[in-house]
Amino acid sequence: MPRSIPTLCGSIMGEPFSLGEKIHNAAYRALGLDYTFVCFGVEDPRNAVQAIRTLGVRGMNVSMPYKSAVMPYLDAIDESARAIGAVNTIDNRDGVLTGYNTDYLGAVRALREAIHPAGKRVAVIGAGGAAKAVVYGCRQAGARVKVFNRSAERGKALADALGVDFGGSLDDFEAQAFDIVINATSAGFKQPDVNPLDGRLAPHLIVMDVAFLPVETALLRQARQLGCATVAGTRMLVHQACRQIELYTGHDAPIDVMERAMLHEIERLHL
């Protein structure tokens, strides 16, 4: 008998990157599903969304710079994605394309492995897309969130939009005022010696870094040496992918299998 055509899932991004492909395909194999995941480098988000419809793609991850650009072309936007202002997941249910944001869930699920954030004092560093997702997720989880950012205008705008406080620049950050600090900037991403909170940590803090390359950033290394509990960006990455698997397949995601595939690919690429 001829082999059936696998269910297609994928990712649209400016430059294709193999990490998501390895994570998703490992999950589909472990679940015994005839799914395949492919990365697409695209230049036109409108045509990319139309291709999802034309080809019947089951689900599509969305990476920068298209997380906001795809939103006008979808049939529905999940409440969380609308609040954050970004879609990283497109779920195709019988031709109806719905945009979700799984980044915020990834952040909260990863953080909960170290501490339950409800009632905790959380400092979030940054005011970009990742920071929006982290702030939204922590606030939804019941944390008391304060944003710090180099640009006061951007930081205050994010804080006001999501109903949290703006604390000022990093110079205004005082470790003793918080239980958790989360770096949600790109500082440290693929920069093994860059630590945006160098010398500002204290041993009581839970320290999380959204940057996932290297796996242990300079921030996390310093935090570990101080005795802080740490949460790596790779945990957020794999947890947000788990939610995508749940949406695309209806199955619980095999997180251990997915993490092994991710770490193996990072090692293979010497990232």
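Each residue, glycine too, has its Cβ placed from N, Cα and C.
In the record from TrEMBL, residues SER63, ASN88, ASP103 bind shikimate; the candidate from GLN225, GLN240 listed for the same site is GLN240.
Annotation: no binding-site residues among GLY126, ALA127, ALA130, VAL210 have CA atoms within 10 angstroms of the CA of ASN88 (shikimate binding site).
Applying an 8 A CB threshold to same-chain residues 6+ apart, the list for GLY233 (NADP(+) binding site) reads MET208, ASP209, VAL210, ALA211, PHE212, LEU213, VAL215, THR217. Here the domain 'SDH C-terminal' (233-263) has long-range neighbours at 9, 19-20, 22-28, 30-31, 33, 35, 58-59, 61, 88-89, 91, 100, 102-103, 105-107, 109-110, 113, 208-213, 215, 217, meaning same-chain residues at least 6 beyond its ends whose C-beta is under 8 angstroms from one of its own. Summarised by DSSP class, the composition of the domain 'Quinate/shikimate 5-dehydrogenase/glutamyl-tRNA reductase' (118-187) is 29 helix, 18 strand, 23 coil. Averaged across the domain 'SDH C-terminal' (233-263), pLDDT for the predicted model comes to 98.
Residues SER63, ASN88, ASP103, GLN240, recorded as binding shikimate, reach a greatest CA to CA spacing of 13 Å.
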